């Protein structure tokens, strides 16, 4: 059974970036609905005993869509904080190697989120060879499906920002950057460094590094 993880902050902690009203709809309604629907779909099936990330890599259709949205939303909440954070020295050095500077990453990230057509997500990911890059995913899609390691995500479905920003997605993305939980991003980078996503085993740190991240205090 997949549980709805607790938010890592108070409902009003991200104001004025994200209002408590948005949290009420986004977390307690949208995110919770994905969790409930997923549990309904996997009850009594082979997916019942798999980790969330394993379900994503071994499913399609409604099971995949709901599992991916549970993962994506949980990752999004944990990408956010109201405390001032900076990337670890290790991660910052890698960002500078692959993007030139943290400011360049910010500019490219905002552009990727702004130009994504329709609903979806914009991610900072680590590729199989170790390079950091940006990835746009449509609707419920997730980097796990492409064997990419997600490090940071911004939700650009309209329900994530429309109450607070209406149709001005670039403003939402600009404000997002000031609320990134770089501690979470840095620890995720460290925990998944050199790991390869393979198979669909039951939660096992060797085969599925995100099992550890999903269950750690950092993620919740």
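Quick reminder: no glycine exception, Cβ is built from N, Cα and C everywhere.
According to TrEMBL, the features are:
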type    : residues         : note
DOMAIN  : 3-80             : domain 'Manganese/iron superoxide dismutase N-terminal'
BINDING : 26, 73, 155, 159 : Mn(2+) binding site
DOMAIN  : 87-187           : domain 'Manganese/iron superoxide dismutase C-terminal'
Within 10 A of the CB of residue 159 (Mn(2+) binding site), the number of other CB atoms across every chain shown is 13
Who sits close to residue 73 (Mn(2+) binding site): which same-chain residues at least 6 apart have their Cβ under 8 Å from its Cβ? 26, 27, 30, 31, 34, 155
Packing count at residue 155 (Mn(2+) binding site) (other Cβ atoms within 10 Å of its Cβ): 25
Quick check on the domain 'Manganese/iron superoxide dismutase N-terminal' (3-80): DSSP residue counts for helix, strand, coil, in that order please. 51 helix, 1 strand, 26 coil
Cβ neighbour count (10 Å, all chains) around residue 26 (Mn(2+) binding site) is 21
Residues of the domain 'Manganese/iron superoxide dismutase C-terminal' (87-187) by DSSP state, where helix covers H, G and I: 53 helix, 22 strand, 26 coil
For Mn(2+), what surrounds 26, 73, 155, 159 with a Cβ no more than 8 Å from their Cβ centroid? 27, 30, 31, 76, 157, 160
